[in-house]
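Per TrEMBL, the features are as follows:
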- 31-51: transmembrane segment (TRANSMEM)
- 32-260: domain 'ABC transmembrane type-2' (DOMAIN)
- 63-80: transmembrane segment (TRANSMEM)
- 113-134: transmembrane segment (TRANSMEM)
- 146-165: transmembrane segment (TRANSMEM)
- 177-195: transmembrane segment (TRANSMEM)
- 237-257: transmembrane segment (TRANSMEM)
Amino acid sequence: MGHSVAAVWDNRTVLRVLVHRDLTLKYQQSILGYLWSLIEPLSMAVIYWFIFGLLFDTQLVDGGSYPMFIISGIFAWAWFNSAINESTTALTAQSRLVTTINLPRQVFPIGKVLGRFAEFLAGVPILLGAAYLFNGEVTWRTFVGLPLAVALQFLLLIGISLLLSSVTVMLRDVERFVRLFVRVLFYAAPIIYPLDKVYESEALPGWAKRLYLADPMVGIFQLYHSAWFPHEWPSTALLTTAVVGTLAVLALGIWVFRQLEPAVLKEL
């Protein structure tokens with residue numbers, strides 16, 4: 001793992017160029033350009049607020065602002081969703097570069113994660129504006145929870161992107177499967193609903209709740225919410241699960257990528 005990290009760090013300039021190229025190509029024929037990285041999650045937030053906030057009258061335990069709750073989760077989800085989906089083709093879509101340029105191949109899927117992270121950063125002013133508009137609480141948890149959530153999500157996405165980008169080369173159906181699975185993941189994490197709904201649900205059996213809480217994304221999104229809603233701060237068990245789960249996925253992604261790299265180069 002240390003060798004892989006060092007190799008990527010030594011090529012950080014190339015990685016920066018790849019990220020810039022990726023962002024340029026993505027928005028070069030768009031009139032609104034980078035604004036789409038803000039419009040899409042905001043429009044999603046409005047839709048879910050209308051459905052769950054108005055029609056189903058979803059309430060937070062402390063009576064906090066539900067629109068702020070959705071926004072704090074949706075922007076993080078937009079990063080997760082786009083990074084995962086694009087990482088599946090990180091190697092296949094750039095096969096010529098992957099096979100001809102002497103670079104650590106990890107930079108290609110990692111570049112996708114960084115590119116979408118740049119879009120997430122562009123949405124931070126929106127988060128701050130929403131916190132002001134909807135009375136989000138700024139406490140010490142804001143300055144601890146938000147950076148910790150970002151760091152964990154970044155590492156988790158790197159692990160997943162390394163895993164998916166390499167496996168997709170060998171099994172092209174993975175790309176389509178991931179698109180479907182990511183939709184399931186959206187509802188399998190407390191993004192648009194408070195975690196208390198899961199704890200209080202009588203319809204969910206105990207094993208289903210334990211399986212749900214074993215997902216590291218649950219703790220990560222709780223950290224995002226806790227940045228503006230202190231009562232959402234994850235428990236020690238949930239936070240430990242998020243950290244351990246993230247590191248496990250990262251290690252698995254690095255290992256699988258290294259094991260499949262020779263076969264990937266041959267297949268490309």
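Count begins at 1; order follows the chain as displayed.
Any Cβ shown, glycine's included, is placed from N, Cα and C.
Just so you know, TrEMBL annotations never went through curation; they're auto-generated.
Using the rule of three or more Cβ pairs under 8 Å, pairs at least 6 apart in sequence, the transmembrane segment (31-51) is not in contact with the transmembrane segment (146-165). Between the transmembrane segment (63-80) and the transmembrane segment (177-195), the number of CB pairs under 8 angstroms, six or more residues apart, is three or more, so the stretches are in contact.
Within its own chain, the transmembrane segment (237-257) has Cβ neighbours under 8 Å at 1, 4, 105-106, 109, 152, 155-156, 158-163, 165-167, 213-220, 222-223, counting only residues six or more beyond its boundaries.
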